[in-house]
Every structure is written in structure tokens, then in C-alpha cells.
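Colleague: One structure is given below, represented as C-alpha cells, and several questions about it will come after.
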Amino acid sequence: MEWTQIFIPIVVSFAITVSVMPLFIGYFQMKKQGQVTREDGPTWHSVKTGTPTMGGVVFLVASLITSLAMGLFFHQFTPSLLIILFILVLYGLLGYLDDFIKVFKKRNMGLNSRQKLIGQIFGGLVFYFVYRSEGFSDTLDLFGVAEVPLGIFYGVFIIFWLVGFSNAVNLTDGIDGLVAGLGTISFGTYAIIAWKQQQFDVVIICLSVIGGLIGFFPYNRKPAKIFMGDVGSLALGGLLAAISIILHQEWTLLLIGLVYVCETASVILQVASFKLFGRRIFKMSPIHHHFEMCGWSEWKIDFVFWSVGLICSGITLWILF
């Protein structure tokens, strides 16, 4: 795969997304179905009630079709490509079921946490067994300094990594355009890492997702015409975790995905502080809602969080190369 060919997956996935998204939005508007605002969410987000959701279906399908087609075209139809795409499909389906229940069954909480966790763990187990059957290493890279052999416990780590980051990205998806922008930066960084490792199958997936996210962004930027839904955010988080594992650069996701980590940490700290001390650390969690309550606009939050993601990704590449 030549560097001049990197635009092909981006353009194909982008074209599919921008072509189908207006039809998808039109369908939801015709059915008068849309986002159901959570009762524990910010009150000012009530104006977003009824906005079409599940836009992740479009850019995920575009990414899937493009990855498979380009994998065949560039002779990169590998086990790595297929197992990563398996996570895309499974976690996407989990998110789809969650969104479907919220939108069409009018239950604002969707699947319960136990149901989601069972599906996420199942995906992690399948990923691990395929990963080991293909002879991949069961050692954990510790910040490029040392490698620790985990044996069967690497399977536990894989499950933790996939579940943790799929939920982290899901928590981050609460501001118009935020995850679409952060995702583009994150997958762009992993495309560079994969290119340096000559794992072109992973490059194809990253570029396909980037094309889909770029095509989705004009419809998701404030004021959003459509949200990606859990179908998009759960799949994107699972994909990032799976890619970091396949590239054997797991630690990099802590830095590349620092915003996702901080969003999750803010929720954990908020809950722990309230239960232990009866006090809240933040005005609201995840932390992007805290900044909203401090008077920041959604665009300002987007810009600051994207900047953090870009800087952290740059530092990661500097450390590696």
C-alpha cells in the first residue's frame, strides 16, 4: 500500500456517509422519532429531545463496507482486520439495541448495565480466543519500557480494555460534535502508528473510520441534526481498544484517549465522593457537563477537548518515533 493510496478508503467511506445520512435523518423525521433526553441529564439539553439519533449506523456501515472492500483490493484481508471488524459489528449491535429501545420503545435508559456488560464481555472473550489462536503475543507492553507476560490473564486485560474504553467513549458523547472530532484525531494517530509498523490492514480500518466520521461531522456539529447514539460511541470505543491491542501499543490509548479517560474518571470520582462524603466534586459529570455549567459553550468545550486530544496524540507519536 503506497502513501498516495491512503485517501482512497477515506474518500469512499466519506462518500457513502454523506450520501446516505440525509436519507437516514429524513426517515427519523418522517417517523417523528428521535433522542429521548435522560432524566438525570442536563435540563438545558431538553431542547435536543426529538433530534434524530443512531447516526452511528450510517458511518459504521460505511466504515465496514469500505474496510472489507479495501482489504480485498489492497490484499490486506487478514485475521487482524476481521477480528477488529468483529468488535465494530458486535459493539455496534449492542449500541443499536440500546438506542432502539430508547427511541422506539420510549425507554430513556435503553439496555440495563448488566445486559450491556454481558455483551461486551462476550465480545472480549471471542476477541481473545481468536487473538491467541493467531499466535499474537500475550505480553503487555508497559509504556515501551518493559513487557510483562500475562498468559491467560491477558484475556482478562483484553476484556477490561474493551469494556472500559467502549464505555469511556460512550460517556464522552454528550456534546455536539465532540466524539466525531476526537475520534478523527484518535484513529488518525493509530493510522500513523499502524503505517510505521507496516500493518496496513489496521491502516485501512482507521482510514475508513476517519472518512465516515468526517462525513458524519457536518450533521453532528452544533446544532446537531443527528446524534451518533450508543451504536456509534460504543463501537468507536471498542474499535480503539481493539486496535491498540492488535498494534501491541495498549498503553498509548491512555494518552491518545486521555480525554475519554478523564471523562470516565470524573464520573467515578463524582459517585465515590458523593457516596463517601455526601459531596460532589464537579457541578455535574461527565466533566464536559461541568464545563457547560461553568458557562462554556459547546463549541468551546469541543475546541479545548480536541486540542487536548491533538496534543496528547502528538506527544504519543513523539515518544514512539
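For all residues, glycine too, the Cβ spot is worked out from N, Cα and C.
According to Swiss-Prot, the transmembrane segment annotation covers 6-26, 54-74, 77-97, 117-137, 143-163, 175-195, 200-220, 226-246, 251-271, 301-321.
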Colleague: Does the structure show the transmembrane segment (251-271) and the transmembrane segment (175-195) touching, where I'm treating 3 or more Cβ pairs under 8 angstroms (sequence separation 6 or more) as a contact?
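Modeller: Touching, yes - the transmembrane segment (251-271) and the transmembrane segment (175-195) meet the threshold of 3 or more Cβ pairs under 8 Å.
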Colleague: Under 8 Å between C-beta atoms and at least six residues away from its ends: which parts of the chain pack against the transmembrane segment (117-137)?
Modeller: 79-80, 83, 86-87, 90-91, 93-94, 147, 154-155, 158-163, 166-167, 238, 242, 245-246, 248
Colleague: Counting only CB pairs under 8 A, let me know which of 6-26, 54-74, 77-97, 143-163, 226-246 has the most with the transmembrane segment (200-220).
Modeller: 6-26
Colleague: Who are the chain neighbours of the transmembrane segment (175-195) in space, where the CB to CB distance is under 8 Å and they lie at least 6 residues beyond its ends?
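Modeller: Here the qualifying positions are 3, 6, 169, 202-203, 206-207, 209-210, 213-214, 216-217, 220-224, 228, 232-233, 236, 239-240, 243-244, 247, 249, 252, 256-257, 259-260, 288, 292, 298, 301-302, 305-306, 309-310, 313, 316-317, 320.
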Colleague: For the transmembrane segment (6-26), which recorded stretch in the set 54-74, 77-97, 143-163 gives the largest number of Cβ pairs separated by under 8 Å?
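Modeller: Most Cβ pairs under 8 Å with the transmembrane segment (6-26) come from 54-74.
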